[in-house]
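According to TrEMBL, the features are:
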ACT_SITE  94  active site, acyl-thioester intermediate
ACT_SITE  346  active site, proton acceptor
ACT_SITE  377  active site, proton acceptor
DOMAIN    8-258  domain 'Thiolase N-terminal'
DOMAIN    270-389  domain 'Thiolase C-terminal'
Ligand SMILES: CC(C)(COP(=O)(O)OP(=O)(O)OC[C@H]1O[C@@H](n2cnc3c(N)ncnc32)[C@H](O)[C@@H]1OP(=O)(O)O)[C@@H](O)C(=O)NCCC(=O)NCCS
């Protein structure tokens, strides 16, 4: 049977405000965070008949308890989607939501789906990193990986060793800039449109409403310089130049471009290419470098073609390694212009769709930019990159 590949578009994306692990969402279930996102997508896009959703792929790194039970399916049912809409769970650690997007996009491109919802969640308060894991003893006994490969902060220290020009001072300056850019983005109302409010409950304070991220803070280079280096004595990685431990969820709608046009859905971005690669697990933060080279190669583009970057800031050092590799300045205005995970947080499997949602908003503001890129490093040594085209592009750079 002859098939043609269809163009895939990012229609719309939302996220919950991100909480500190065990903070404002201490008494909120992880699956309820996903449900809020799906319901908000349907509310914002009434042109989308719920029965037209062909798949719901939701990522979580720790798939037990309220993040277990095939969360894509359970969240779809809880969100009130028709029972005929299937769903499943995905895991690629930090790139869970990114992988949910690329996986359902593959399905859309080959005609298995017209419309799909993809997203991710991580409640790191309820499910601390590494909960329930049982690494095979062969990993260490046979030196398949270095022991530091299993502690993400240690992999970031290793990266500082590998690139001595990325000093603690540079990492702290990057961390401060992330906080300042996030504060400016909030001030300018850039982040709020895609935040879905969440009712919260505290046994003492009672009911509340989460309307903004909990983690961003006012800081200074002096304060950052004084923080402990928990992953190594006299190390360089601190709570100020790393993403924190967070709770949150994201979701987005993807569709075949012709179906989006038929239904009258907005077209935020057009998928160009994506790439995932493996790297040495003990320096997992370099992952986005080869994954970006791969995605660029597949797209027939060069880094100079990319007008906007949304890079996940797991650690300042890994973003700086990326920027150095591609000859981009630490403060290049094309990069994370609304700040990043060091400020807002990184609820592991949810973050990929946060990057995409923000890029899509930035595309709408920048018809002069044709291509943008979302990229992230991934535990156990991987990188993921997705390149997008701006449907609002009007020519020029
Ligand atoms: C770095 C890390 C260990 C810090 O955890 P933590 O100690 O619980 O972090 P906290 O928020 O309590 O911050 C520690 C201290 O630094 C302070 N601090 C944190 N960020 C700060 C900032 N930007 N400016 C000033 N002070 C800051 C806190 O106030 C706290 O001070 P205190 O000890 O006096 O209370 C943790 O965030 C971490 O593991 N991050 C990496 C997560 C990760 O690996 N993700 C996956 C990526 S692949």
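Using N, Cα and C of the backbone, Cβ positions are placed for all residues, glycine too.
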### Query
What count of other C-beta atoms do you get within 10 angstroms of the C-beta of residue 94 (active site, acyl-thioester intermediate), across all chains shown?
31
### Query
What is the number of other Cβ atoms found within 10 Å of the Cβ of residue 346 (active site, proton acceptor)?
27
### Task
Restricting to the same chain and to sequence separations of six or more, state which residues have a Cβ under 8 Å from that of residue 377 (active site, proton acceptor).
94, 284, 285, 286, 287, 288, 312, 314, 318, 383
### Message
Taking only the residues in the domain 'Thiolase N-terminal' (8-258), give me the average pLDDT of this model.
### Response
98
